[in-house]
């Protein structure tokens, strides 16, 4: 039997959040945390969480598992359970709507702020724009972001200034477009980021790197943006 | 008197996956007041899971590639019940739609020349089947769906599309003349019910793989648009045609792209034999998906399956080398390690055919206009209703979809629906208002759940439905077994109508969403079951032990399921493409299908 302790909060009935315990029979299997949540929901249908692809590509089920952010659907119990106990909390730092569901508006606003789309004002050719394999390789490690918010909600700088610091996820995406050989708005993009908060609040804590379920490295991307900002300034 | 708030738009699109976002983009660019209603944040839609690529004759790998070869492959792949006007439109318009995606920023993999990288996929040929294997699937590594969906979402942000994210569409609203004038939707976060009124309602709700116990599909693929259309009394086409993907990870159901076999991987049985050489001597592992899936099941039934229960075969990739695997199939390495505990660099992946794609759906023309069939069997355009993507049956996939054609279908027909609606709005669309009782009718289902006081639990009923479909309507089908399945579904219908929604709260009530989804699963399952039972032949993905041959004399037809009578009619397959006439042949004649 697995001891599962889950953060519960229903805004209609609860004045304050609380932790609720469940005993779950895993039948000795090394289930994914999401499978355990399904079993909890079979016991208590009011248990609330987001989920979709259940294979780690849609980014719905980011949550805090025994103290570390990650995706429930690709985290096996053997990776997180300590002393026979699984503790599940919502992603930290964002307002809770209900149970493990957080309000991600601030996170999405920071994403939209960096203009997450290709800008190229030259007329498009009749076929695709050409890009060398070497230039395309520069997008690897950047475009794979799934917007799960595990990184930004593990970042103390984002907790402190979620409205002004873009956060690791948004900055990873910013760099994805800054470095794309097809994008022509590099200068404008950099000037949008050139203030004390948007980029420079990153303190290199690297929580983002340690939690990213896709193995991406926002800290490195932020370092590249800093370099670009500094060389742009001179 | 209902106190429903009304939100009014020129066009609404239900579903934020590939086709919905492509339609939304088209309409947002035209400046029309458009909203995309999505039950999940759009990048969580199932398009994100597509891996291998988007098939299209962009002539990158082969400068002489020809969209008509792609058309030939698709017609043959469909086992000749794909509509040739629609297939022609898709293959011919495809390059434009793919280049548009690239211009929007989609990070395609590249060739040394800087062009889009294309890989071989199943069922692809050059020169109308005579020129050997083609490489026609445009790829962004093995994350093409993710790259495509994010790119389209980004383009919608750029064009200020209105999104109603985490809103759930409950049922269509029809006026007294049976025109569709919008839908009832609920804001999941607050529980508020709203009448979303529109001159055009596009169902882009995707597939319904969750009617089966074992599926590659996301948990959200519950056929909501199909359920809505069936409850509104509209016809459904070719619902017996479900694709079982050869390579779902054994036990977990997660997809392993056909691109693995395109890059040189192959299937082996427990003896290490490359068995596809026996079933498809020419195309081998790159035969049509229906052919490969059946061959795998036969291997297992004949005792050559692997594992303690002999219930799976293997996909071998290690001979490709670590470098190729890291470069071309990085996502597969991740998925295999996570869900099969196998590193494909060193060992083969255990795989089994797994429900993957719904070829059937809401019948439409190439403009996305939904069609139903009247008492005399004649096509009738449904005013106000459109469909595109997997929810639609236009039909480009017929009885079996080719790999890489679903992403192309999404963008080509999402775009086409958007273009058509834009023009129709310019010309002016006026429908009668829905009355209070029309709105009440669309709220009935929601009210039923909200008033339930006891009964069986939702997860248990859902699991039983999925087991039923898995047992009786899988890769091979048989009349007497299907009769059992149909009887069980009838019983389930009664029990689901009396099932219990325990949680009646408003804020982010996912139990209520799952209840509403269960209704849709049941509608899709029943349409599938009756269509499968009534199509008395074997064609494409529909394979019967009691009718083993294709029967062109009687069944070179679409099946049309009518929900009001629960009966199956037929509809002619379009054999009149417009562009290839004179050029070649009038159309592609049905032939015996071998690979």
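Glycine is no exception: its Cβ is also placed from the backbone N, Cα and C atoms.
Checking the candidates B:257, B:364 against TrEMBL: the one annotated together with B:245, B:356, B:401 at the substrate site is B:257.
The shortest Cα-Cα distance from residue B:401 (substrate binding site) to any of the binding-site residues (B:15, B:40, B:44) is found for B:15. Within the set B:245, B:257, B:356, B:401 that the record links to substrate, no two Cα atoms are more than 14 Å apart, and one pair reaches that distance. Taking the C-alpha positions, the distance from residue B:356 (substrate binding site) to residue B:15 (FAD binding site) comes to 19 Å.
In sequence order, B:40, B:44, B:48 are the recorded positions among B:40, B:44, B:48, B:289, B:356 whose C-beta falls under 8 Å from a C-beta of chain A. Under a cutoff of 8 A between CB atoms, and with a sequence separation of 6+ in the same chain, the neighbours of residue B:44 (FAD binding site) are B:220. Sequence-distant neighbours of residue B:406 (FAD binding site) (same chain, six or more apart, CB under 8 Å from its CB) are B:50, B:357, B:390, B:397, listed in sequence order. Residue B:406 (FAD binding site) falls within a helical segment according to DSSP. Distances between the Cα of residue B:48 (FAD binding site) and those of the recorded positions B:245, B:257, B:289 are shortest for B:257. Applying an 8 A CB threshold to same-chain residues 6+ apart, the list for residue B:15 (FAD binding site) reads B:36, B:37, B:38, B:45, B:202, B:203, B:204, B:205, B:206, B:225, B:389, B:391.
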